[in-house]
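Asks: According to Swiss-Prot, the record shows the following:
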- H89: active site, proton donor (ACT_SITE)
- F23, A57, F58, E59, A81, V82, I83, F114: 5-amino-6-(D-ribitylamino)uracil binding site (BINDING)
- S86, T87, R128: (2S)-2-hydroxy-3-oxobutyl phosphate binding site (BINDING)
Amino acid sequence: MPKYVEGKLNAEGLKFGIIVGRFNSFIGERLLEGALDALLRHGADDAQITVVRVPGAFEIPLTAQKMAGSGNYDALICLGAVIRGSTPHFDYVSSEVSKGIAHASLATGVPVAFGVLTTDTIEQAIERAGTKAGNKGFDAAMTVIEIANVFKEMK
């Protein structure tokens, strides 16, 4: 009979780090509210949550790698918004941020959730930060709660 491992949605006893980009802060703050709501609803102790604000999305991956490598966190949540403008800047930033966040997780073995919105318009970002399309910060927190518990089961 195989052993099945499936993460529980229980944040009790886990330590979380949240990195939020300040650029497009109206969106980032809504994503942060969603992430904190999910963590606290699922039993996280707010004293075990560290929120780090960085200038923008581009600074998120390095901060995530530093935090993940510290050994102080069971999981991290990366939040922010990159909104397309009239130059190719969006393409460069969104690509490097997504690669960097994935690298931080793979290099350290710490679950790191990608809650950085990459949208064409401010309206799309607002929809994903707590209106029509839910709150992607909440969703990112739910993901890391589950994966952190999967990793605990695998030890």
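Positions of Cβ are set from backbone N, Cα and C atoms, glycine also.
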Asks: Ranking the binding-site residues A57, A81, I83 by other Cβ atoms within 10 Å, which is at the bottom?
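Replies: Each of the binding-site residues A57, A81, I83 was scored by Cβ atoms within 10 Å; lowest is I83.
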Asks: Would you kindly give the Cα-Cα distance separating I83 (5-amino-6-(D-ribitylamino)uracil binding site) and H89 (active site, proton donor), rounded to the nearest Å?
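Replies: H89 (active site, proton donor) to I83 (5-amino-6-(D-ribitylamino)uracil binding site), Cα-Cα distance: 10 Å.
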Asks: Using R128 ((2S)-2-hydroxy-3-oxobutyl phosphate binding site) as the reference point, find which of the binding-site residues A57, F58, A81, V82, F114 has the shortest Cα-to-Cα distance to it.
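Replies: Smallest Cα separation from R128 ((2S)-2-hydroxy-3-oxobutyl phosphate binding site) among A57, F58, A81, V82, F114: A81.
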Asks: When a 10 Å sphere is centred on the Cβ of V82 (5-amino-6-(D-ribitylamino)uracil binding site), how many other Cβ atoms does it contain?
Replies: 26
Asks: Other than its own, how many Cβ atoms are within 10 Å of the Cβ belonging to T87 ((2S)-2-hydroxy-3-oxobutyl phosphate binding site)?
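Replies: By my count, 8.
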Asks: Indicate whether F114 (5-amino-6-(D-ribitylamino)uracil binding site) is helix, strand or coil by DSSP.
Replies: strand
Asks: According to DSSP, does V82 (5-amino-6-(D-ribitylamino)uracil binding site) sit in a helix, a strand, or coil?
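Replies: SS state of V82 (5-amino-6-(D-ribitylamino)uracil binding site) = strand.
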